[in-house]
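Enquirer: Straight from TrEMBL, here's the annotation block:
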TRANSMEM  20-44  transmembrane segment
TRANSMEM  50-68  transmembrane segment
TRANSMEM  113-130  transmembrane segment
TRANSMEM  142-170  transmembrane segment
TRANSMEM  191-215  transmembrane segment
TRANSMEM  227-246  transmembrane segment
Amino acid sequence: MRFIKSLFKLRLKMDLAFRVDVFFNFFTQLVYLIGILLLFRVIYLNVSEIGGFTLGDVYVLLGTYFILIEVYNMTFRGGILSLPETVKEGNLEIYLLKPVNTIAFILLKRVNIGRVWRVLPGFILLIYGLKMNDIHAGMNLVYYIISLILSLIIYTVSNFCISLLSFWFFEVNNMFYIYDDLMEFAKYPDVIYSGIIRKVFMTIIPVIIFSSFPARILIGLSSFQEIFAYQAILLLVFSGISLTLWQRGLVKYQGRG
């Protein structure tokens, strides 16, 4: 734990050394946020709701999406993206021999505190959506936070599964790009998807649950019990897959060495 704290402090010092870049990133995100607001205002000029989601509800959904993505990018993305290269170069032993949990170290070794500014527009959008609909969250806010954390963990573990494929495949970076593109579907209410697409995006590649599920709890469209249960099952499944890939990958890696 002390080692992880030292790692966070080191990353913070490095990120603050580039303050101009930090503020430029925040400005870029703010412009993008304004563009999203205008886009959905235009869409909702002719309709009052889409699949039960009002304009304010969609803003809550979008705010949730941006918070999730930016928290992930700030904390775990760098470490996960570095694993395939580490495996390819045969340098995994450096982490295996450290007196800390190897998986935790890999996930947190490239925390980028400088991206914290990029989380703020998501909160602004979330609060704006709640104000539009005059929603008083109450206990739903607590359930929302829990659901959002579960979504973040599931998203992180699913990305980690992709990185673990590097034990068997020489190049997996394109899979990350595809996953990033598929995450665009998480910006829209889950109810607009149906058929096989919905089934795939709810299970194998569960992108539409990441932001829709927490948002549904906050705006009162779904009960937290059923959402927690579904997220818990997904988390168990993806955690089991990731641990299996990790253990078998280590066997293959050591055998290769």
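Heads up, the Cβ atoms here are built off N, Cα and C, so glycines get one too.
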Enquirer: Give residue numbers and ranges for long-range contacts of the transmembrane segment (142-170): same chain, 6 or more residues beyond its ends, CB-CB under 8 A.
Expert: 64, 67-68, 71-72, 76-77, 80-81, 83-84, 87-88, 103, 107, 176, 179, 205-206, 209-211, 213-215, 217-218, 224, 227-228, 231-232, 234-235, 238-239, 241-242, 245-246, 248-250, 252-253
Enquirer: Can we call the transmembrane segment (50-68) and the transmembrane segment (227-246) in contact, meaning three or more C-beta pairs below 8 angstroms at a sequence separation of 6+?
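Expert: Contact criterion not met.
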Enquirer: In the same chain, which residue numbers or ranges, 6 or more beyond the ends of the transmembrane segment (191-215), come under 8 angstroms Cβ to Cβ?
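Expert: Residues 50-53, 57, 60-62, 64-65, 68, 144, 147-148, 151, 154-155, 158, 179, 182-183, 185, 222, 227, 230-231, 234 contact the transmembrane segment (191-215) from elsewhere in the chain.
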